[in-house]
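All remarks here apply to the structure that follows.
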Amino acid sequence: MGILMPSQYRLLYICYGILINCLTTVFIPITFTCSYFIKANFQSTSYGVILSSIQTSINVYGCAIKVLMLLYYNPCLKKAEKLMDHMDKRCCTADEVNELYKVRHLGRKIILLYLLAYWSYTTCTFISSLISGVPSYSIYLFAIDWRRSQKEFYLASSIEFFLTSWTCFQQVANDSYGTIYVCILRAHVRVLLLRVRKLATKATNSQEDNVEELKMCIKDHKNLIELYTVISPVISSTIFLQFSLTASILGITLINIAIFSTNMASVAASSLYVLAVVIEIYPLCYYANCLLYDSDLLPTEIFHSSWIDQNRTYRKMLIFFIQRTQKSMELWAGKIFPINLNSFISIAKFSFSLYTLIKAMGIKEKLD
């Protein structure tokens, strides 16, 4: 959104990019920040609304930082797009093209999953605010004071709903790109596995033809490694930030649900927020695991291919190919944490530990 510039209507796109990025990275974080320093706004707000505001503001700040990160890594994304176009053109047979169709449909489903999770939360918080008579986050909107009249309350709630929905739209782009890139990389690994299984199986091919096919597979693997190298730092930076934010957000949200939520609508809204935050990292962790598993199959599939009756040149190249594919395509968050389901479970455990600790401190009783 406002990052990858098209070849046409560049001026209009620049204006559009400035508008939405200023809204996401400047205006919305400012409104959330100001709400904590305006005394009248802070004193008349319940603890549940304050926690709802804090848990959302953490993601708002994270969204702004991720937008800046993607702007910085924009050249890498463009390079990855060219590599993927080149690799797509190599897919000629029906089974290879079918893998591309599968990943296209999967990408659409992933985006819809993010959209559904994020906008379910914003819609539920909006309904909760209408029921409770207090805006969902009670953010500072300068000239608008929702306490003065019912009209200003509805206006403030509607503006909050618009701002958070817009942020969610940006978050879908920020969070889904990594998962989709990993799925595309995995699809091309699966295509290479199909090609490896077909090596030296055609009765009409001479041994020289088989050598050429093996060379093409080695080149395909080289392109895979190049794509992996290009997208790894982009995903590593953004998911490291998200890992850092998720544990604290989940802890705060669980406290809000268990201690400070006053009605079923606010409980439902906070529960949907937990789901949305989980979806921010779970799909990427899952498909990164799948990528690691499929890439680790390559050496085994190469070894089990039909190489015994091939010439010396073919066998030497095959050994080289096996050695090249023994390096796993493992993704890391900030070069510290592996991106996999174990990391996801560790973050969930930490969040519950944080929630248990704060609940044991008896904060609600002390505040009452």
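Heads up, residue numbers simply count up from 1 along the chain you see.
Even glycines carry a Cβ here, placed using N, Cα and C.
TrEMBL entries are annotated by machine, without manual review.
Bear in mind that the values here come from a model prediction, so they are computed numbers and not experimental data.
Per TrEMBL, transmembrane segment is recorded for 12-38 (among others).
For 58-77 (among others), the entry in TrEMBL reads transmembrane segment.
Proximity of distant same-chain residues to the transmembrane segment (111-131), defined by a Cβ-Cβ separation under 8 Å and at least 6 residues beyond the stretch ends, is recorded for 52, 137, 157, 160-161, 164-165, 168, 171-172, 175-176, 180, 263, 265-266, 268-269, 272-273, 275-276, 279, 283. Per TrEMBL, transmembrane segment is recorded for 111-131 (among others).
With a cut-off of 8 Å between Cβ atoms, the residues of this chain six or more beyond the transmembrane segment (239-260) that come close are 46-48, 51-52, 54-55, 58-59, 62, 65-66, 69, 175, 178, 267, 270-271, 273-274, 277-278, 280-281, 284, 331, 333-334, 336-337, 339, 343, 347-348, 350-352, 354-355, 358-359, 363-364. What TrEMBL records for 239-260 (among others) is transmembrane segment.
TrEMBL lists 272-289 (among others) with the feature transmembrane segment.
Annotation comment: TrEMBL describes 336-358 (among others) as transmembrane segment.
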